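Chemist: Annotation comment: TrEMBL describes HIS304 as active site, tele-phosphohistidine intermediate. Taken from TrEMBL, the feature CoA binding site covers THR47, GLY48, LYS49, THR50, LYS73, VAL126, THR127, GLU128. The substrate binding site annotation in TrEMBL covers TYR211. Positions annotated as domain 'ACB' by TrEMBL: 360-450. The repeat 'ANK' annotation in TrEMBL covers 528-560.
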Amino acid sequence: MLRHAGQSLISSGRRTFSQSATRHSYDDTIRNLLIHKDTKVLCQGLTGKTGTFHVTEALAYGTNMVGGVSPKKAGQTHLGLPVFGSVRDAVNATKPDATILYVPPPTAADAIIEAIENEIGLIVCVTEGIPQSDEIRVMNALKSQSRSRLVGPNCPGGRPKGAFFITSTHPDSSFLQLSTHWVAKWVSNLAISTNLEKSTGIVSRSGTLTYEAVAQTTDVGLGQSLCVGIGGDPFPGTQHVDVIKVFLDDPNTEGIVIIGEIGGSMEEEAAEYLEQYNKTRKNPKPVVGFIAGRTAPPGRRMGHAGAIISGGKGAAVDKVKALERAGVIVTDSPAKIGAEMLKAMKAAGLCWSIMVDYQASSNFHGAAAYLSSASALSKVSTAVKLELYGLFKYITSARMPTSSRPSIFDMTGRAKWDAWNSAGQKYEEPAKVEERYLEIARTLGWTEQTTTEVMPEPEFSTDDDIWDKDDGTSKSGGGLRLAVSSIAAPLKVVDNSIYGLALSNDVSGLTALLETHPETDLNALDEYGYAPIHLACDRGSIEIVKLLLAKGADRDIKDPDGLSPLELSQEAGHSEIAKILVSTP
């Protein structure tokens, strides 16, 4: 088959694939994955709607795009880039290092092979739905040469440290809003993570989980050396093990994230390689993994064409066992990837976060000591207290929380989590965070001269559940033990407001309140952004919900997470309330 692939090109008068030395093979092209911010990128399918959409985004981020290919528009310019009629013309004029393909499934294989013929080092194919017979033809072409490396098909591509390479959301897709959210999150986090020296390598079959892994590792203070989305089709040009070989040999990659899914045996092969070449090292690199599709039934395709359990092979449980034998920490949820990687790198003794290297000044500790004992803070607004808390946690723990957001039942923890998370999103550098913390402290009466006690430098904390520890240690108290005492304490105070009555399911109390104060605004939001009906729906208070609806409460009002009362009740499992809301006009 490989011989036939080369002969067919000779007989047709087309350029054959590079076979200049028999000792070289397709495996030797793995090094082509090491792209960088100066990598010159060509786009096949530049002038189409999809190509236009993504290249516009790539240019805005700084990708070194050098031109495009569109046979019917040769000689024109598009997005400021020259358009060529063939890949050969584009290669001769621009000398690209890589090409990205935005072409439809029927012609995608020919476009890939044209790039191979012209010996472009890295080929990234985003297209989904390529016929398997065409994919096999592409694989035969790849295996017959030693110059070009394919990533994909059906993939989000790759992103090196310091450059945004491609994304893979489709502007016509019904998933546009979801996908562009993740891409935007990916891009915003890449802008931060490129400044972090200690990096993780990420390889994934899933596009959106690639973005999630980038966001999570960045949130805990880690950068990324290289991110590769290998795609979800059954015949990928690059597999997990290929990328892992790069990561293990790369001194800039200190930890590895591997994301797989059901179907095929790529994850098992990667696990075997890790067991042989990483686990046996004197200092193995920490590896965290996640396998999607654990509950998928055999024989049913789940999402990607390659995500199917067949012939007794490809089950998630087998992949998990193989990875765990190789020393991989396999999480049961993608939401834990960042936190688990952070812990694993710390356990390995690696300098795993910018916060470890950052040394807060004596002024910061002095201000924290002042704020911990200042009685004047009792008059400070909750918003200021929460901001101080978030800034303090940024400096003394991590850039963002490593735990999941607390439920609505823990409104104290939820508010503090949001404050900490907000600080992480707003500030890229710890020095700016400290500057803001001291700025607020000065408005509250602290000065460098009034500092009489300097707090000991807080221990670094990576606890997943810190919300009930603020009264005990400086480690998680935010230097605000008095200032946030009302925030840190459980909600034990009797609250006869409309919100408190809704929370406590006090039907008679709420009825009396509305009778004596008929002007009460039922849709007013509390300081956390919740209306009474949100609280009642989350708590499962059926009679409170009925009362509020009867009095004119808005059943479509949104909470801070954008959820309506109906969505809240469904998420909390209160089906009776959901039925009431649906039936209410």
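Cβ coordinates come from backbone N, Cα and C, glycine included.
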Chemist: Per the record, CoA is bound by THR47, GLY48, LYS49, THR50, LYS73, VAL126, THR127, GLU128: how many Å separate the farthest pair of Cα atoms?
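Modeler: This binding site's residues have a maximal Cα-Cα distance of 24 Å.
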Chemist: Summarise the model's confidence over the domain 'ACB' (360-450) as a mean pLDDT value.
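Modeler: Across the residues of the domain 'ACB' (360-450) the model's pLDDT averages 83 on the 0 to 100 scale.
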Chemist: May I ask which residues of the same chain, at least 6 positions away in sequence, place their Cβ under 8 angstroms from the Cβ of GLY48 (CoA binding site)?
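Modeler: Correct list: SER70, TYR102, VAL103.
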Chemist: Measuring Cα to Cα, how many Å separate GLU128 (CoA binding site) from the residue listed as 'substrate binding site'?
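Modeler: The residue listed as 'substrate binding site' has its Cα 18 Å from the Cα of GLU128 (CoA binding site).
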Chemist: Let me check the 10 A CB neighbour count of LYS49 (CoA binding site). How many other CB atoms are there?
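Modeler: Counting Cβ neighbours of LYS49 (CoA binding site) within 10 Å gives 12.
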Chemist: In the structure shown, with every protein chain counted, which of the binding-site residues THR47, THR50, THR127 has the densest set of Cβ atoms within 10 angstroms of its Cβ?
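Modeler: The residue with the most neighbouring Cβ atoms within 10 Å is THR127.
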Chemist: Tell me which residues of the chain lie with their Cβ under 8 angstroms from that of LYS73 (CoA binding site), as long as they are six or more apart in sequence?
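Modeler: Set apart from LYS73 (CoA binding site) by at least 6 residues yet with Cβ under 8 Å, we have THR47, VAL83.
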Chemist: Reported as an integer number of Å, what is the Cα distance between the residue listed as 'substrate binding site' and THR127 (CoA binding site)?
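Modeler: Given the Cα positions, the residue listed as 'substrate binding site' is 18 Å from THR127 (CoA binding site).
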Chemist: Through the lens of DSSP with three states only, how would you label the residue listed as 'substrate binding site'?
Modeler: helix
Chemist: By DSSP, how many residues in the domain 'ACB' (360-450) are helix, how many strand, and how many coil?
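Modeler: Tallied per class, the domain 'ACB' (360-450) gives 62 helix, 0 strand, 29 coil.
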